[in-house]
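All remarks here apply to the structure that follows.
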Amino acid sequence: MSDKLILVLNCGSSSLKGAVLDSASGEVLLSCLAEKLNLSDAFITFKINGEKEQVSLAAQPNHTGAVGALLAELQKHGLDSRIGAVGHRVVSGGEAYSESVLIDEQVLAAVEKCIPLAPLHNPANLLGIRAAQDIFKGLPNVAVFDTAFHQTMPAHAYTYAIPRRFYRDFSLRRYGFHGTSYRFVADEAARFLGKDKNSLRMVIAHLGNGASVAAIKNGESQDTSMGLTPLEGLVMGTRSGDLDPSVFSFLADNTGLGIQEITDLLNKQSGLLGISELSNDCRTIEEEAAKGHEGALLALEIFAYRLAKYVASMAVAAGGLDALVFTGGIGENSALVRAKVVGYCEFLGLKLNEEKNLAARFGNAGVITEDTGGAVAVVIPTNEELMIAQDTARLSGL
Ligand code: ADP
């Protein structure tokens, strides 16, 4: 095992998140967040040894400038020579990739070809890869796709019931996201429960700002709630999740909004925010619900009810249920949401243990249901960066 460190990059159109990890121990030596990229007041914030430091990117306010500032910071702390490879989160690998891959020209071309499937994310991911190739010259780069883990979904799970020519002509189908998190959490859950993952039927709920559920059988994804884009499925912080597709034409006809405006409304102004008319943040919603805020109470109930309905439907895809696994910021911390969901799912054999449910928060894993000999619900913290770092180290031969 080498002592090389892995740089993990997660690029958005105007942001770049980075972390330097020891892929063997999981220790994070440095993390950073560049914001307002492509604006003149872009800046990057570093966190190292418990200290925060902010650096202006005004001289080169783009992804390359951010990666350059990151290299300078690593040099300052004598870490630059210890970086052995760079791992990139890439949102869509379409049908081309079912695993992480060492990046070469062919991979870059494939990521570019998938831009229509992830028009906001893949171009930013490509910028990050090119910046890393420019600045960290000669280091291997690895792409870890959000969609890859779900490539095991059968056709009856990924096909939309619309004329099949659209799948043939445009690759229009369900892809799913959060795959890196599901892969990590599925392994961790099996380990935590002391079970062989190949004989576990799991439903995993990844509940962050974006939220989805997936059915895992024999360690493989059978179905997931997000589809062509992350808009499908659960109620999320600002996304509506599933709707009657006719809502689109109804809004267009009755409000005069255009396609892009309605898409934005469903992605950015809906979900917990739209229902509560208060916030997209689950913590705020819970605080206000406790004070009796009607919108917050309704938002929480809809969030939990829709999630519970999806858990039950994913048990169909998994062929039964041995473990319901909660992860992501809400899944790992909100005892209230978990209690509601487990309550709705009692008919699946789950019975909440309130004490255990309160104990499994703030980074603590734990079973949160009574031992009935049947299905359990369990909290497992996710770590997508570590998964990316581990794939990157393996594929780079470190
Ligand atoms: P992202 O998808 O951006 O990675 P996270 O996984 O960090 O998001 O999850 C963010 C969500 O987790 C927010 O809705 C936040 O309110 C929620 N959350 C974090 N801590 C708590 C908590 N203690 N109680 C309830 N919700 C929480």
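From the backbone N, Cα and C atoms, a Cβ is placed for every residue, glycine too.
Some features that TrEMBL has for this protein:
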- ASP146: active site, proton donor/acceptor (ACT_SITE)
- ASN10, GLU384: Mg(2+) binding site (BINDING)
- LYS17, HIS206, LEU207, GLY208, ASN209, GLY210, ASP281, CYS282, ARG283, GLY329, ILE330, GLY331, GLU332, ASN333: ATP binding site (BINDING)
- ARG89: substrate binding site (BINDING)
- HIS178: site 'Transition state stabilizer' (SITE)
- ARG239: site 'Transition state stabilizer' (SITE)
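When the alpha carbons of ILE330 (ATP binding site) and ASN10 (Mg(2+) binding site) are compared, the span between them is 21 angstrom. The subset of binding-site residues (ASN10, LYS17, LEU207, ASN209, GLU332, GLU384) lying with their Cα within 10 Å of the Cα of ARG239 (site 'Transition state stabilizer') consists of ASN209, given in sequence order. For ligand 1, none of the recorded positions lies close by, meaning a CB under 6 A from one of its atoms; the full candidate list was ASN10, ARG89, ASP146, HIS178, LEU207, GLU332.
Within the same chain, residues at least 6 positions away in sequence whose Cβ sits under 8 Å from that of GLU384 (Mg(2+) binding site) are ARG89, THR180, SER181, PHE184. HIS178 (site 'Transition state stabilizer') falls within neither a helix nor a strand when secondary structure is assigned with DSSP, and so counts as coil. Of all the binding-site residues given, namely ASN10, ASN209, the one with the smallest number of surrounding CB atoms inside 10 A is ASN209. Across the fold, the C-alpha of LYS17 (ATP binding site) and the C-alpha of ASN10 (Mg(2+) binding site) stand 5 Å from each other. Between the CA atoms of HIS178 (site 'Transition state stabilizer') and the residue listed as 'active site, proton donor/acceptor' there is a gap of 5 Å, rounded to the nearest whole number. The ATP-binding residues named in the record, LYS17, HIS206, LEU207, GLY208, ASN209, GLY210, ASP281, CYS282, ARG283, GLY329, ILE330, GLY331, GLU332, ASN333, extend over a maximum Cα to Cα distance of 23 Å.
Cβ contacts within 10 Å of ARG89 (substrate binding site), excluding its own Cβ and spanning all protein chains shown: 22. With a cut-off of 8 Å between CB atoms and residues at least 6 apart in sequence, the same chain places GLY237, LEU272 near ASP281 (ATP binding site), listed in sequence order. ILE330 (ATP binding site) falls within a helix when secondary structure is assigned with DSSP.
Cα spacing between ASN10 (Mg(2+) binding site) and ASN209 (ATP binding site): 16 Å, rounded to the nearest whole number. In the three-state DSSP scheme, the residue listed as 'active site, proton donor/acceptor' is classed as coil.
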